[in-house]
Amino acid sequence: MAHLSMDESFANLQTSHLIGSVPAVISDDNKSSNVHITSVTEGPSANNQIFPPHQGNNNAKGYQTLDTPTERPEQQPPNNWKGFFNVYSYTQYFDVDTDVVVNRLMSSLYPTSGDFFNKIDANPDMYGLVWICTTLVFVLSSLGNCATYLVKKRTDSEAPWVFDVNYINLAASIIYGYAIIVPLAFYFSLRYMGSRADLLRFWCLWGYSLFIFIPTSLPLLIPVEFLRWVIILSAGSASSCFVALNLRSYLEGSNDMTVVMAVAFGLQMVLSIFIKVWFFP
């Protein structure tokens, strides 16, 4: 006698004599659907739904499932570089707030610390270079003319005096040229010597090193030659030490460390002497 399955045995029970009873009918389709439901709910590759529904850019409706990739091309961080001649490519180098800039300006006034690269390592900026150089150009051109006026009136009060507009062109050429070309030269030199030099950090370093000449330009108006030399040499020495001591972190273990630091120190001193001789004679 053939054995009946459990479903078939329950289906063949005589329940028609009971009032309100409905015979249990299980077809092959229902059995296959039950097996399918079991495999879906218990299988390891369950396609569960996530709430809320997926709000993507596409027009597809429905819920986002677990097997949907979490990283899409549109979710990746955009590339801010849009070409050398696009202004928006350089906005990332000006992303600094006032507190950060002030902190870096104060660091340039304490040249013996030598930890400037540690402070700017996470976010070196070009804002300091542009702002300091532009301010210094206008300060030198305006106060330089004031200094010549004071000297002229001190020697001969009746002599005519004319504002020299060429001070602006000269100051812009010297300051911007120095702040861009000198770090670039040191960058290629140190890279040639096998150092891990970074051009953006060098521009940031030399830009902030010029800040000390802005506040010291005002006392240079004092018409006392000896005092002027003391002020400008003190400012030049502080700026030179700031550059040289911070360059030491790139030159540790190098045989040319002393030479490079001496050259950096000397160039800063030459710039300070040029400022004194040309703009505050």
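Here the Cβ of each residue, glycine as well, is placed from N, Cα and C on the backbone.
Whatever TrEMBL says is automated annotation, not expert-curated.
TrEMBL annotations:
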COMPBIAS  43-68  compositional bias 'Polar residues'
DOMAIN    113-273  domain 'Yip1'
REGION    43-78  region 'Disordered'
TRANSMEM  129-150  transmembrane segment
TRANSMEM  170-190  transmembrane segment
TRANSMEM  202-220  transmembrane segment
TRANSMEM  226-247  transmembrane segment
TRANSMEM  259-279  transmembrane segment
Positions on the same chain near the transmembrane segment (170-190), where near means CB under 8 A and six or more residues out: 129, 133, 136-138, 140-141, 144, 197-199, 202-203, 205-207, 210, 247, 250-251, 260, 264, 267, 271, 274, 278-279
Spatial neighbours of the transmembrane segment (202-220) far in sequence, C-beta under 8 Å, 6+ residues away: 104-105, 107-109, 116-117, 120, 124-126, 128-130, 132-133, 135-136, 139-140, 143, 147, 175, 178-180, 182-184, 186-187, 227-228, 231-232, 234-235, 238-239, 242-243, 246-247, 268, 272, 275-276, 280
Model confidence over the domain 'Yip1' (113-273) (mean pLDDT, whole number): 89
